[in-house]
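What Swiss-Prot records for this protein:
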TRANSMEM  8-28  transmembrane segment
TRANSMEM  36-56  transmembrane segment
TRANSMEM  66-86  transmembrane segment
TRANSMEM  88-108  transmembrane segment
ACT_SITE  Asp118  active site
TRANSMEM  129-149  transmembrane segment
ACT_SITE  Asp136  active site
Amino acid sequence: MNWAKRSAFFLISVACFLADYYSKYWALTELGARKIVVNTYMNFILAFNHGAAFSFLARAGGWQRWLFAGFAGIVALWLIMTLLTKSHHWLMSVSYACILGGAVGNLYDRVVYGYVIDFIQWHYRTFYWPVFNLADVAITLGVILMLIAELHRR
């Protein structure tokens, strides 16, 4: 894979990171303690997640901050090295780029704030999905694209 293609994939990562960063900045400065009802199924509400996905280990006492930050850092470094050194189907590279941008977005929060800033809430009637952010969306999209690329490969 040439440098132009590699650069394009890193631009995807940077775009994911910046979308996450500025959306969290908006959430921090505009939401505060209030909730914005977007539509029947979605709200914007500020939440600070000290754990991992679905607040896993959120009340573990603080050590989990560095565990999750270390894990995200290792994943980010592996993704960077993979994008730089290996040639993949373009869809697999896009999936890596999305995951990288999302991982760095949440890693930034953990290192700077000690928690991840979440603000998107989906719900249906009385069922509420855990609050999440655009980094989580990028990671999820990356995993879905990875599965599609893998199925396409076979």
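Backbone N, Cα and C atoms are what each Cβ position is placed from, and that goes for glycine too.
Model, not experiment: these values are computed from the prediction.
Remote same-chain partners of the transmembrane segment (66-86), defined as residues 6 or more beyond its termini with a Cβ less than 8 Å from a stretch Cβ, comprise 1, 6, 9-10, 51-52, 93, 96-97, 99-100, 103-104, 106-107, 110-111. Away from its own ends, the transmembrane segment (88-108) comes close to residues 1, 5, 9-10, 12-17, 20-21, 24, 69, 72-73, 75-76, 79-80, 82, 116, 133-139, 141-146, 148-150, 152-153 of its chain (Cβ-Cβ under 8 Å, at least six residues beyond either end).
If you measure from the Cα atom of Asp118 (active site) to that of Asp136 (active site), you get 9 Å.
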